[in-house]
Structures are given as C-alpha cells and as structure tokens.
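Listed features, source Swiss-Prot:
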{"type": "BINDING", "residues": "11, 69, 138, 142, 143, 144, 204, 226", "note": "GTP binding site"}
{"type": "BINDING", "residues": "69", "note": "Mg(2+) binding site"}
{"type": "REGION", "residues": "423-446", "note": "region 'Disordered'"}
{"type": "COMPBIAS", "residues": "429-446", "note": "compositional bias 'Acidic residues'"}
C-alpha cells in the first residue's frame, strides 16, 4: 500500500500531531492502546497507509515526534494517546529552540538531525511502497521552523522521488507569541519554496475567526484550533485511507494542483464546520457544501480568495454523495464565478470522493485552493520582516549562532519573488499569452 511517514517537529506541531492521530485513530477504530476495536472491514482495508501492524490486531502509527526540548514530549506521552506511539520514535534534545530559527536549523537542531533521520529511515524501511512524508510544523518558532525545514531538506536529499507534504502554521499578526516570528517565517518560506511539493498554509488568525464566527465559541482554546487543523489533515488523506469512486493520492493531488513548481502553497478549508463534541443538527446537501466550501469564511489561511484568482482547486468529498450531483454543482460554481478562476487552465477543479464520512456527519468536504490571493499572507509577513530588518532588530540572536545577514536578504528577496510570481499569474489572461508566443518566432527569423 502507499504508506506515508508522518513527522511532527516543535511544540505546537506536536500538539496538532497528537490531535491528528486522535482523529485518524478514531476513524479507523483504533483505541488509545493501539488495539483495533472497530466494526467495519473498510477501516482495516488500507490501514497500512498510516499504521504499522505489530501484532494481532495491534497498530502503531508511522509517526516520528521531534522537539528540541523534552516538555512537549512528556505532555504527549502523558496524554490520552501516550501509549499509542512507539517509544523509540520520540526524539528530543534538552536545550530548546528558543524561538530562534538559527538554533533549530544550524546549531541545536543540526546536532539532533541525524538521530531523527535514523528513525525516519527505520520507518521508511518498514513500508512496502513509500508514497511520501508529511510534516506538521509552525513557521514562527525555532524548532518547528528551523529544524523542520532542515529535516525537509535532509529527507529530500535521501528520498528525492518521494512526495514531501507540509502542514505549515503561518504566524498571524493578531495571534502572535514571539516578536521574531516574521524572521523565522521568512527564512522558512525560503526553504519551503525549494524543498516542499505541497504546503498547506494554516493560519491561527483564520482559525480563531472560524471559532468565533462559525462555531460561536467565545473563548477558543488551542485545543479547538488543533481540532480544526486535524480535520483538514484527515480530510486531505481520506482518499488514501478509504476506498472511494474517485481516489486521489498526494502525487495526483500535486500533479493537479501545482501549475508551476514554486507555487505550491494551498489554502485549506473544511465544511460543514462543527465544534468539538457537538453533533450536526441538520442534514447538509451537496449544493450547500459546494456553496460553503468556496466561502471565504471557511478558509483556514487568512487571505481572502476574492482578492485573487484560483489557479487550481481540489475538493475531496466524503460520504455517500452522488458524483453526478457533485460535478454539476462544481461546474455551476465555476460558471457563476468564472472571474475568480484563471481561464488559461480549463477544468482546473479536481474532485475526489471517498465513501466514508467523518464521525458524526453524513457528508463532508475538504477544500484545497491554489489561489493567487495567498500572496497577501506572504506580503503581510514580509512587511513585518522588512520593518524589523531595516533596523537590524534582534539580528544578533541569529548572527551569534553563525548566520549571515546575507541569508536574511536572500530569504526576503525569494519571498518577494514568490509574491510577484503569484501577481503575474493573477494578471495573466489567455489572450495576451498567445500574443507573446506568436511574436517570439518572428524575432528569431531576423
């Protein structure tokens, strides 16, 4: 089967990762002690994508948990799923990344990276046909951003032909826990542009908005935010884990979603949105789902898709839905809002379907959009970066770990290039491109 090895680096990611395993284990009927207690054969049919079977009916996640300090690991271990993970797969340092990208990427993280790669190798060797890796990390911290990107580039070296998929939590202005987030995020994006195949940008600010507006939670906790992220993660991979009429995998997703190699930053969304622990109170229909799915309020990245155009879109429907109805509705959305889809990629909406709905729903959909509006998110980080970098504020923390100012300048210009590329394709039309191509051969003749 097409296995995926999951890595989680840094504090907040380990909490998200733990939540993700909670959701996936629940869907596959696996108890916190790793024993299968489900009642449906479909749960076991492709369980090997995320789990190793170690004994009769006992399953262990293919997860590697990494942090530069032992604190988070202890909380995962003592949490509800503590005994689910393989003890050898916890890799941690003692010093902490201190929210410093340079520590994670060059000094502390570099010392730990070989130990992590050994565990990753062991997991990869235990697979029949490895499909790729997924990494959860935040771009604002030291471990998740610095060490996360270091791991990505090392794994890339060793497994160049495997998919590399990242769930990256982008820092947001309203929900910030450190001053140097813009530095860490810019340095990380610089790495992700080169080394990742698909990056799902998740934004704390957007998640808070969803909790306030849609779920009507007055005081959302990180638990609520992590719950939303884990739903997206489980939604993206359902096609791999369960049978369906139109299956998709990470590579098919990338082929359909990435028109230009650098532009692989997606906005995820999910509907219907329900709070943790609450059931759905009414049935949803396919037209409602498609309507909600494209709603800006459902996006988990804080940029408004109406400010840009969609290059490509993928929608993964779950539950017993009629594919004919889905196709009609998707076509309908495209026809009505054709201005928001680039016309030079016809049929740029991919739909996949999986028969098994998430717990407590009849049907649901996970949305992925490759929209040029995501540049807003990078612009925002870049402006904050520029303001601090102009005065060289906080720079000594990075230079004393051996970094050079040059690296900051490079990362900044790479991010600005990325924004410019998105803008270029947002403005491009089918006609003007043709005109350009027609002129070129004429010049050669002279």
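Just so you know, glycine gets a Cβ as well, placed from its N, Cα and C.
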Which residues of the same chain, at least 6 positions away in sequence, have a Cβ lying under 8 Å from the Cβ of residue 69 (GTP binding site)?
11, 92, 93, 94, 95, 96, 97, 143
Here the binding-site residues are 11, 138, 143, 204, 226; the one whose Cβ sees the most other Cβ atoms within 10 Å is 143
Which one of these binding-site residues has the most other Cβ atoms within 10 Å of its own Cβ: 142, 144?
144
Grab the GTP binding residues from the record (11, 69, 138, 142, 143, 144, 204, 226) and give me their largest CA-CA distance in Å.
23
